[in-house]
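What follows is one structure encoded as structure tokens, with my remarks underneath.
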Amino acid sequence: MSESVHTNTSLWSKGMKAVIVAQFLSAFGDNALLFATLALLKAQFYPEWSQPILQMVFVGAYILFAPFVGQVADSFAKGRVMMFANGLKLLGAASICFGINPFLGYTLVGVGAAAYSPAKYGILGELTTGSKLVKANGLMEASTIAAILLGSVAGGVLADWHVLVALAACALAYGGAVVANIYIPKLAAARPGQSWNLINMTRSFLNACTSLWCNGETRFSLVGTSLFWGAGVTLRFLLVLWVPVALGITDNATPTYLNAMVAIGIVVGAGAAAKLVTLETVSRCMPAGILIGVVVLIFSLQHELLPAYALLMLIGVLGGFFVVPLNALLQERGKKSVGAGNAIAVQNLGENSAMLLMLGIYSLAVMVGIPVVPIGIGFGALFALAITALWIWQRRH
């Protein structure tokens with residue numbers, strides 16, 4: 001089946017619906033599994049600084065497999081790549097259920113996620129293009145954030161009831177994603193027949209990195225999305241320690257409710273970006289990025305639940321408005337230069353390197369005993385300064 005058959009079809013075509021459902025279930029499993037596994041670490045008396053280490057082994061898999069997953073996504077039908085990747089996630093979640101070391105099981109989920117990401121975003125450029133691509137990204141982000149909203153809450157609430165039930169629910173979600181992937185049309189491979197020599201693949205990936213980094217637009221997108229997702233993941237772990245200190249609440253569910261507020265906000269922000277920002281007006285998203293850091297700083301000083309909910313929702317709105325146009329810009333420019341799969345793989349390397357760095361710094365700060373509120377204040381201020389610097393650089397170039 002040729003790729004052109006599906007390009008420029010309705011945003012609600014059968015293929016797009018299958019992609020969105022598969023993404024929802026896969027992301028639901030990812031987010032529920034994080035909080036279920038954090039509850040498992042707490043129940044097994046792991047130290048607090050080990051919590052971000054869990055996410056670090058996950059993103060480490062992204063970085064390790066970054067040179068290869070883009071070519072995998074471009075060499076096979078992307079729907080089948082997504083199905084295989086969700087199968088790996090299912091295996092990882094099931095292994096934690098059956099008592100395998102949670103860090104090992106979560107690493108396997110990370111390998112599946114690394115393979116999944118270039119395919120899930122790359123397939124959008126095959127199902128639609130041009131002006132519809134920003135809207136397709138909005139649908140993908142809305143689906144993802146809805147899954148974050150429900151998955152995070154489900155993981156925390158079920159873990160308060162029984163950790164094993166929470167872990168089993170994650171495995172079921174991944175199983176559902178595998179089934180949904182079956183209904184994605186089998187599009188032609190974007191770049192079949194490439195060499196599978198690991199040295200050549202690594203060299204090709206480094207060439208893709210160089211190509212995207214040397215282009216001003218794609219470099220701008222790579223830096224912006226890397227900063228955003230690195231900060232977003234760090235904020236999730238910050239909330240786990242901030243809630244008992246600032247609010248005096250010690251259950252597993254409250255941090256997930258707060259994360260849900262961010263998720264709701266991102267859905268709103270992603271929708272606004274799809275309507276108000278085009279590939280030609282991407283710079284409109286930059287003030288929102290700066291305000292994210294400012295609002296995080298203000299949030300860190302709160303001691304009441306209602307203001308915390310409101311500020312986190314605002315952070316989400318700003319985040320959705322900021323990141324969706326940057327994603328669309330990279331996909332459109334990257335598809336023309338290095339292929340959509342390679343472009344997303346390079347993006348994953350940048351984003352996960354930022355996550356690894358920020359989580360490492362955060363884990364170190366917790367380990368040496370810095371209080372969580374000053375960590376939050378410094379985190380927000382540094383993020384605002386970083387996005388300001390990126391905007392100044394973008395305007396000059």
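Any Cβ shown, glycine's included, is placed from N, Cα and C.
For the topological domain 'Periplasmic' (1-17), the predicted model reports an average pLDDT of 59. Annotated topological domain 'Periplasmic' per Swiss-Prot: 1-17 (among others), in sequence order.
The feature transmembrane segment is assigned by Swiss-Prot to 18-38 (among others), with sequence analysis given as support. Beyond the ends of the transmembrane segment (18-38), by six or more residues, the same chain brings 51, 54-55, 79, 82, 86, 89, 93, 96, 102, 105-106, 109, 113, 116, 120, 123-124, 127, 139-140, 143-144, 146-148, 150-152, 154-156, 158-159, 163, 166-167, 169-171, 173-174, 176-177, 180-181, 183-185, 236, 240, 252, 255-256 to within a C-beta distance below 8 angstroms of the stretch.
Beyond the ends of the topological domain 'Cytoplasmic' (39-52), by six or more residues, the same chain brings 96, 102, 155-156, 159-160, 163, 166-167, 234, 237, 240-241, 252, 359-360, 362-363, 366-367 to within a C-beta distance below 8 angstroms of the stretch. Sequence annotations record features per position, and here Swiss-Prot assigns topological domain 'Cytoplasmic' to 39-52 (among others) based on sequence analysis.
Only residues 6 or more beyond the boundaries of the transmembrane segment (53-73), in the same chain, are considered here, and those with a CB under 8 A from a CB of the stretch are 34, 37-38, 41, 81, 102-103, 106-107, 109-111, 113-115, 117-119, 122, 190-191, 194, 198, 201-202, 204-206, 208, 233, 237, 339-346, 348-349, 351-353, 355-356, 359-360, 363. Residues or ranges marked as transmembrane segment in Swiss-Prot: 53-73 (among others).
Per Swiss-Prot, topological domain 'Periplasmic' is recorded for 74-90 (among others), and the stated evidence type is sequence analysis.
Here Swiss-Prot flags 91-111 (among others) as transmembrane segment, drawing on sequence analysis.
Residues annotated as topological domain 'Cytoplasmic' in Swiss-Prot, with sequence analysis given as evidence: 112-144 (among others).
Residues or ranges marked as transmembrane segment in Swiss-Prot: 145-165 (among others).
Under 8 Å from some Cβ of the transmembrane segment (167-187) lie the Cβ atoms of residues 1-3, 6, 14-15, 18-19, 21-23, 25-26, 28-29, 32-33, 36-37, 40, 77-80, 82-83, 86-87, 89-90, 93-94, 96-97, 123, 126-127, 151, 154-155, 158, all in the same chain and six or more residues away from its ends. The transmembrane segment annotation in Swiss-Prot covers 167-187 (among others) and is backed by sequence analysis.
Look at Swiss-Prot and you will find 188-226 (among others) tagged as topological domain 'Cytoplasmic', backed by sequence analysis.
Distant neighbours of the transmembrane segment (227-247): 34, 38, 48, 51-52, 55, 59, 254-255, 258-259, 262, 289, 292-293, 296, 300, 302-305, 308, 315, 319, 322-323, 326, 351, 354-355, 357-359, 362, 366, 371-373, 375-376, 379, 383, 386-387, 390; these residues of the same chain sit at least 6 beyond its ends, with a Cβ under 8 Å from one of its Cβ atoms. Annotation source Swiss-Prot lists transmembrane segment at 227-247 (among others), citing sequence analysis.
The topological domain 'Periplasmic' feature in Swiss-Prot is assigned to 248-256 (among others); the stated evidence is sequence analysis. Here the topological domain 'Periplasmic' (248-256) has long-range neighbours at 35, 38-39, 42, 152-153, 155-157, 159-160, 236, 239-240, meaning same-chain residues at least 6 beyond its ends whose C-beta is under 8 angstroms from one of its own.
Same-chain residues lying 6 or more positions outside the transmembrane segment (257-277) and placing a CB less than 8 Å from one of its CB atoms are 134-135, 137-138, 141-142, 145-146, 148-150, 152-153, 156, 232, 235-236, 239, 243, 284-285, 288, 308-310, 312-322, 324-325. What Swiss-Prot lists as transmembrane segment is 257-277 (among others), and the listing cites sequence analysis.
Residues annotated as transmembrane segment in Swiss-Prot, with sequence analysis given as evidence: 281-301 (among others).
Among the features that Swiss-Prot reports, transmembrane segment is placed at 305-325 (among others), with the record citing sequence analysis.
Residues or ranges marked as topological domain 'Cytoplasmic' by Swiss-Prot: 326-343 (among others). Same-chain neighbours of the topological domain 'Cytoplasmic' (326-343): 69-74, 78, 118-119, 121-122, 124-126, 129, 133-134, 137, 141, 190-191, 204-205, 207-208, 211-212, 215, 217-218, 220-222, 224-225, 228, 279, 282, 285, counting only residues six or more beyond its ends whose CB sits under 8 Å from a CB of the stretch.
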Intrachain neighbours beyond the transmembrane segment (367-387), with Cβ under 8 angstroms and 6 or more residues off its ends: 49, 224, 227, 231, 234-235, 238, 241-242, 245-246, 286, 289-301
Chain residues in Cβ proximity to the topological domain 'Periplasmic' (74-90) (below 8 Å; excluding those fewer than six residues from its ends, i.e. six or more beyond): 15, 18-19, 22, 26, 29-30, 108-109, 111-116, 118-120, 122-123, 126, 171, 174-175, 177-178, 181-182, 184-194, 339-342
Residue counts (helix, strand, coil, in that order) that DSSP gives for the topological domain 'Cytoplasmic' (39-52): 8 helix, 0 strand, 6 coil
Distant-in-sequence neighbours of the transmembrane segment (305-325), which means Cβ under 8 A and at least six residues beyond its ends: 134, 137-138, 141, 145, 224-225, 228-229, 232, 235, 246-247, 257-259, 261-274, 276-279, 281-282, 284-286, 288-289, 291-292, 295-296, 298-299
For the transmembrane segment (91-111), distant same-chain residues with Cβ under 8 A (at least six beyond the ends): 29-30, 33, 37, 40-41, 53-54, 57-62, 65, 164, 167-168, 170-171, 174
Residues in the topological domain 'Cytoplasmic' (326-343) grouped by DSSP into helix, strand and remaining coil: 16 helix, 0 strand, 2 coil
